[in-house]
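Chemist: First the structure, then my questions, so here it is.
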Amino acid sequence: MRFRIYKRKVLILTFVVAACGFVLWSSNGRQRKNEALAPPLLDAEPVRGAGARAGDHPAISVGIRRGSNDSAAPLVAAAPQPEVDNLTLRYRSLVYQLNFDQTLRNVDKVSSWVPRELVLVVQVHNRAEYLKLLLDSLRKAQGIDNVLVIFSHDFWSTEINQLIAGVDFCPVLQVFFPFSIQLYPNEFPGTDPRDCPRDLEKNAALKMGCINAEYPDSFGHYREAKFSQTKHHWWWKLHFVWERVKVLRDYAGLILFLEEDHYVAPDFYHVFKKMWNLKQQECPECDVLSLGTYTTVRSFRDVADKVDVKTWKSTEHNMGLALTRDAYQKLIECTDTFCTYDDYNWDWTLQYLTVSCLPKFWKVLVPQVPRIFHAGDCGMHHKKTCRPSTQSAQIESLLNSNKQYMFPETLTISEKLTAALSPPRKNGGWGDIRDHELCKSYRRLQ
């Protein structure tokens, strides 16, 4: 009798333990499933990490475990990593959703608000310290509250998002380049481990079997994603803001293109409006405006109210380039030429378009005193140590010492020096057919 009772208790206890185990297993399974389906609220930067601010977009990490490119990679597809792929896909999905939603901030009635005669588009990478200086200069600009500023990003960063969340002085829209290296870290348009090394000879590349062996650039080098991205981003952005940004659907004004390391003068908007009026009245043949030059001007006296008409040159007039819709439409007709010309610089490629594809070379209206300055003394084309505070202090000193000459009442055209230029020397870095086809595809994308 005692044995039976003991056996019954053992059986009951066994069933209880089994039931508890099943419940626990089911609970963990559901939790894992839910975690897999929910967007990961991780830090925005894979290495450093940072917290998100209330009201900011969810901060999501790419979550990539990078393979080293320093060692020889096998010429076969990497083993699938579902967890990493899922994180990357969610990140891409977030960018797609934000580009679709196009949340406009700092306007009273979103449904009825329309931009005025100028929109700024700022191409942003990852240099938060320079972006902060640009934002500080925009805050000081007279009339900026009437100007929509669109920030076009190719790098997701909580720090940068927080800087832009702090912009309360003008309407703001953020869009995101959907084919960035950050979104495609181990495959094209990022760096695929099966890509050919930059300096490998073509014959050796063909023997090696790397996937872009057939497509070195004009100088025998293979693509480097970090250099290709800037040209991709610029062309995608050009098309996206004119064709896909909803609030600009019927926009008839100009778009002024800036970069994160630019710095604007307090009277840049004032001067822009007067330049636009002058262009319409006295220079209808002018194709574009440029508010920035690299000319060093110590004193604004006698020149702050002067503008010139010149042949557009990429090395002089690529900063603060302002385009009309008509100028954009002529550019976009040259998509094939832009996307296949072997130069990784967007501005040098534009220079080539002005002598090869556009109906005529560009004439640009440009002030003798720049209203947009280049604060970035380091970056893709420079090897200097970044000193953003030093650069901004120098610009501020220049502006403060000449403030009595700013905000001119009228502008006059001082000289007209226009002549067709010879085709520029290409710089290479854009020989890969994958870059060509992706670049050409932007016109077809949503």
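Each Cβ is built from the backbone N, Cα and C atoms, and glycine gets one as well.
Per Swiss-Prot, topological domain 'Cytoplasmic' is recorded for 1-9. Under the heading transmembrane segment, Swiss-Prot lists 10-29. Positions annotated as topological domain 'Lumenal' by Swiss-Prot: 30-446. Taken from Swiss-Prot, the feature N-linked glycosylation site covers ASN69, ASN86. The substrate binding site feature in Swiss-Prot is assigned to GLN123, VAL124, HIS125, ASN126, ARG127, ASP154, GLN229, THR230, LYS231, HIS232, HIS233, ARG298. Here Swiss-Prot flags CYS196-CYS210, CYS283-CYS286, CYS334-CYS357, CYS339-CYS439, CYS378-CYS386 as disulfide bond. If you look up Swiss-Prot, you'll see ASP261, HIS374 marked as Mn(2+) binding site, on the strength of similarity to another entry.
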Chemist: Where the distance is taken from Cα to Cα, which of the disulfide-bonded residues CYS196, CYS283, CYS357, CYS439 turns out closest to HIS125 (substrate binding site)?
Modeler: CYS439
Chemist: Do any of ARG127, GLN229, LYS231, HIS233, ASP261, HIS374 (binding-site residues) have a CA within 10 A of CYS196 (disulfide bond), and if so which?
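Modeler: Cα within 10 Å of CYS196 (disulfide bond): none.
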Chemist: Measuring CB to CB from CYS339 (disulfide bond), give everything in the same chain under 8 Å that is also at least six residues away in sequence.
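Modeler: Correct list: TRP235, ASP435, HIS436, GLU437, CYS439, LYS440.
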Chemist: Far apart in sequence but close in space: which same-chain residues, 6 or more away, have a Cβ under 8 Å from HIS233 (substrate binding site)?
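Modeler: Set apart from HIS233 (substrate binding site) by at least 6 residues yet with Cβ under 8 Å, we have GLN123, SER152, ASP154, PHE177, SER180.
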Chemist: Greatest CA-CA distance (Å) over the residues GLN123, VAL124, HIS125, ASN126, ARG127, ASP154, GLN229, THR230, LYS231, HIS232, HIS233, ARG298 that the record ties to substrate?
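Modeler: Looking at GLN123, VAL124, HIS125, ASN126, ARG127, ASP154, GLN229, THR230, LYS231, HIS232, HIS233, ARG298 as a set, their Cα atoms extend up to 36 Å apart.
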Chemist: If we check Cα distances from CYS357 (disulfide bond), which of the binding-site residues ARG127, LYS231, HIS374 wins as closest?
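Modeler: Sorting the binding-site residues by distance from CYS357 (disulfide bond), the top entry is LYS231.
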Chemist: Which whole-number value in Å describes the distance between the Cα atoms of CYS210 (disulfide bond) and GLN229 (substrate binding site)?
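Modeler: Taking the Cα atoms only, CYS210 (disulfide bond) lies 21 Å from GLN229 (substrate binding site).
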Chemist: Distance check, please: Cα of HIS374 (Mn(2+) binding site) against Cα of GLN229 (substrate binding site), rounded to an integer number of angstrom.
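Modeler: Taking the Cα atoms only, HIS374 (Mn(2+) binding site) lies 21 Å from GLN229 (substrate binding site).
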Chemist: How many Å lie between the Cα of CYS334 (disulfide bond) and the Cα of CYS286 (disulfide bond)?
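Modeler: Cα to Cα, CYS334 (disulfide bond) and CYS286 (disulfide bond) are separated by 19 Å.
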Chemist: Sorted by position, what residues of the same chain at least six away from LYS231 (substrate binding site) have a C-beta under 8 A from it?
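Modeler: Same-chain residues close to LYS231 (substrate binding site) (Cβ under 8 Å, separated by 6 or more) are TYR344, ASN345, TRP346, THR349, TRP430, CYS439.
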